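Here is the structure we will look at, set down as structure tokens.
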């Protein structure tokens, strides 16, 4: 198939209010274009001054998504990977903080020849260079760039000016702006109001940018009359006003946009003439499984520190959707605030009533740790399927050391610097690290699985690669003692020094992992550990409390017998 010669740029902006779903829109459009045979990548530009979100509170930023190459990025990159089934990288997320840092570093090195460093041209030129970087280095047909924030925010202005200039540089056939807005429904008046969208476009016009396509979020589908009115007052044809009403699941958005012919409008405006018909049968089948599970429902408790803000666990929640579809069940998540178990009078048995699996979530710091440990003990002693991720695995280690091995003072040096029995300790190469940002063990690392373990059966192979984000690890001084008491170290680093996965002998499904499996779960390839965990919860819910998870639950075939994985 013939390919367009130039990389086409699509910029997605948002107006009226935040959290309209620019990330889902970008990912959905990317999926539609990829299904037509085009090579697509997506990147996110965030206007905040932080260099990256790695040190930001989950309450402010939500989940920090980690890429294979160790970038700490915005959670929207998770949507990009889940929808496109393509890896993102350090180059896929740019913050205004990183832009300013690059400009200041160049000034210190004398690259501006003593000139006055200003937003225009120096900051804008730096942004434009970054905008072209991924397009030049990747083999692409289309590059989609989501600009964070809302039109009218001061922080976003340099990004918008760079986009305006880039359109002049590349030409109107090579750069397109899609503006996402809100058309609210006023119940008292029984009508939709277009004025917020009109004002949002007016503010965008003030920056010198005329949107090429409007996507209008709404509670209900837009009528033709509403589309015509919006187009009339925003300088657009009716066909360039796309409706996007509320969906039962975010995975229904690509199908809705396909019905609205967004991809066709984009192809026409960018002059892309060679493409195939979209192939999304697998996506439609997945959505049907999500909406209409054949085998009922399972409830999984997620015990964490940030449960008041579910976006802190975005990839975990989406992994449950993927795994639920594979197992033909709906996964209902019951959030449990880990600090609740530390309060007097808390009844863990009541909190875990009708729960079929427990996931102890990742996090940092000592708040709520004893609560997590209490819930883990309940799951271990009652044969409830358990999955601990990162901090969850470390808490499981502490619980086992205290209550099975008799190490009453077992703890992590993260929570108690002078603890007498540090079963979890700071990694050796971290002990001299003083800076916080970007200094953890980050990115993808290999792990070797022990034969005939739960992990080995779930993955169906012996060598895996998973993404990490941590400073602390299992202390090998206690390895022999815990192993003698029934803990199984089913996954380690290739040299055997780092414990990556723990299991407990005799428990039907108890797995703790130092890495973050949720970062690699996809619509087309649900993560094996989540699939196995949900399968175990399903068996527990339906009365098979002595489940032994078998690899044929996944379409992976027989476990491989080589380290090549």
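If you go along the chain as it appears here, the first residue is 1 and each next one adds 1.
The backbone N, Cα and C atoms fix where each Cβ goes, and this holds for glycine too.
Swiss-Prot lists 1-272 with the feature region 'Amidoligase domain', giving sequence analysis as the kind of evidence. According to Swiss-Prot, the CTP binding site annotation covers 18, 153, 154, 155, 193, 194, 195, 196, 197, 198, 229, on the basis of sequence analysis. The UTP binding site annotation in Swiss-Prot covers 18, 193, 194, 195, 196, 197, 198, 229. Taken from Swiss-Prot, the feature ATP binding site applies to 19, 20, 21, 22, 23, 24, 76, supported by sequence analysis. Annotated L-glutamine binding site per Swiss-Prot: 59, 363, 391, 392, 393, 394, 414, 471, in sequence order, evidence recorded as sequence analysis. The annotation Mg(2+) binding site is assigned in Swiss-Prot to 76, 146. The domain 'Glutamine amidotransferase type-1' annotation in Swiss-Prot covers 299-543, and the record cites sequence analysis as its basis. The annotation active site, nucleophile is assigned in Swiss-Prot to 390. Residues or ranges marked as active site in Swiss-Prot (evidence: sequence analysis): 516, 518.
Here the binding-site residues are 21, 23, and the one whose Cβ sees the fewest other Cβ atoms within 10 Å is 21. Taking 154, 196, 198 as the binding-site residues under consideration, the smallest Cα distance to residue 363 (L-glutamine binding site) is found for 154. Nearest neighbour of residue 391 (L-glutamine binding site) by Cα distance, taken over the binding-site residues 18, 19, 195, 196: 19. Classification of residue 18 (CTP binding site) by DSSP places it in coil, neither helical nor stranded. Cβ-based crowding with a 10 Å cutoff singles out 22 as the top-ranked of the binding-site residues 22, 193, 229.
Between the CA atoms of residue 198 (UTP binding site) and residue 393 (L-glutamine binding site) there is a gap of 51 Å, rounded to the nearest whole number.
Taking 20, 76, 390 as the recorded positions under consideration, the smallest Cα distance to residue 59 (L-glutamine binding site) is found for 76. Other residues of the same chain near the ATP site, with their Cβ within 8 Å of the Cβ centroid of 19, 20, 21, 22, 23, 24, 76, are 14, 25, 26, 79, 146, 180.
Residue 196 (UTP binding site) has 18 as its nearest neighbour among the binding-site residues 18, 23, 392, 471, going by CA to CA distance.
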